[in-house]
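Engineer: Have a look at the structure that comes next, please.
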Amino acid sequence: MINSKIVGLGAYVPSNIVTNDKLSEFVDTSDEWILTRTGIKERRVSIDEDTSELATRACIEALKNASIKADDVDHIIVATVSPDMFCPSVSCIVQNNIGAVNASALDINAACSGFLYGVKLANSLIKSGEAKIVLVVGAETLSKVTDWTDRRTCVLFGDAAGAAVIKATEENGIMAVHTMAEGDKWNALKIDGIPVRNPFVKAEERAHYISMNGQEVFRFATRVIVEATRKVLKKADLNISDITYIIPHQANLRIIDYASKKLGFPIEKFYINLDRYGNTSSASVPLALYEMFQEGKLKKGDKIILVGFGGGLTYGATLIEW
Ligand code: UT7
């Protein structure tokens, strides 16, 4: 039977660090508010690197760690809500940058759940026999769609990219996937942009920035992080006690704390790096997985759940055996 497995990881973050104190210099906020309400201490903000550049660097490292050549890649899937431009896709630019001449390439938009949607697609492509090697990337430069005068959002987000090489194998790897959307709440998290339905209408002045009903998204997130985790456990016929780590979307420490209590899963077994990067949307889960790999925390046979939620509103989870 064909399975799919993550065989290489890469990540890249811009070098420019913006601390909570730095933000407090130009917007009415404080380190104390941001830390206690979210757990975030600092984030990375790109100065001159676009999303495709972050994604490219993450992909090059992931391929190197997987010992796979770029021209062996069959598909590139980039999950992003902050692409370089409407067209072409970030994935086509990445394809060119890394020399993946035999790959097809497309972007997907499932906001902060994007990487998990990408993993689901990669898993399906591999299991159907359509592909043997798929690069799944979450990459964002949210700083360019952040309203730096809006304290409700500008303290939350950061720039980053994370990439995974997913390969056909007979070993255990991706054991269960689940994604879902609740489009009735589409209005809760938006990046409006120019009005493409009627380009002759002038865009509202701040329409190209992220706007969010934080409390609505918070309620959604605390519910679905638990639901999605339970769903993949059920699909894989496992219990929470079989799980070594949960890698959650890094939006808010309070959401992770809630999930820990509700699932009866110790907070120490959730990987958390939001204090250093903030919410990097589709990049957050692969960046966290990459850091665990770099820190030598992932052992063969470990069962790990990746879980995320975000704009759409969307959510998803994946249960993998390392
Ligand atoms: O990745 C996509 C998924 N996104 C999420 O999961 C985000 C989910 N939501 C959240 O994490 C939280 O709702 C936030 C962190 C966005 C906000 O935290 P909150 O505890 O829900 O705060 P709030 O919106 O209820 O605001 C409380 C107060 C308000 O003041 P008043 O009206 O009580 O006087 C805000 O104006 O805090 C104020 N406030 C701030 N104060 C200082 C909001 N942002 C700030 C700020 N600094 N940055």
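Heads up, the Cβ atoms here are built off N, Cα and C, so glycines get one too.
TrEMBL: automatically predicted annotations, no manual curation.
Pasting the feature list from TrEMBL:
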{"type": "DOMAIN", "residues": "106-183", "note": "domain 'Beta-ketoacyl-[acyl-carrier-protein] synthase III N-terminal'"}
{"type": "ACT_SITE", "residues": "Cys112", "note": "active site"}
{"type": "DOMAIN", "residues": "233-322", "note": "domain 'Beta-ketoacyl-[acyl-carrier-protein] synthase III C-terminal'"}
{"type": "ACT_SITE", "residues": "His249", "note": "active site"}
{"type": "REGION", "residues": "250-254", "note": "region 'ACP-binding'"}
{"type": "ACT_SITE", "residues": "Asn279", "note": "active site"}
Engineer: About how far apart, in whole Å, are the alpha carbons (Cα) of Asn279 (active site) and His249 (active site)?
Structural biologist: 8
Engineer: What's the number of neighbouring CB atoms sitting within 10 A of the CB on Cys112 (active site)?
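Structural biologist: Neighbour count, Cβ to Cβ under the 10 Å cut-off: 32.
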Engineer: In three-state terms from DSSP, label His249 (active site) for me.
Structural biologist: coil
Engineer: Return the average pLDDT for the region 'ACP-binding' (250-254) as a whole number.
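Structural biologist: Here the mean pLDDT over the region 'ACP-binding' (250-254) amounts to 98.
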Engineer: Any idea what DSSP makes of Asn279 (active site), helix, strand or coil?
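Structural biologist: Note: Asn279 (active site) is in a strand by DSSP.
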Engineer: Distance check, please: Cα of Cys112 (active site) against Cα of His249 (active site), rounded to an integer number of angstrom.
Structural biologist: 7
Engineer: Between His249, Asn279, which of the active-site residues has its C-beta surrounded by the fewest other C-beta atoms within 10 Å?
Structural biologist: Asn279
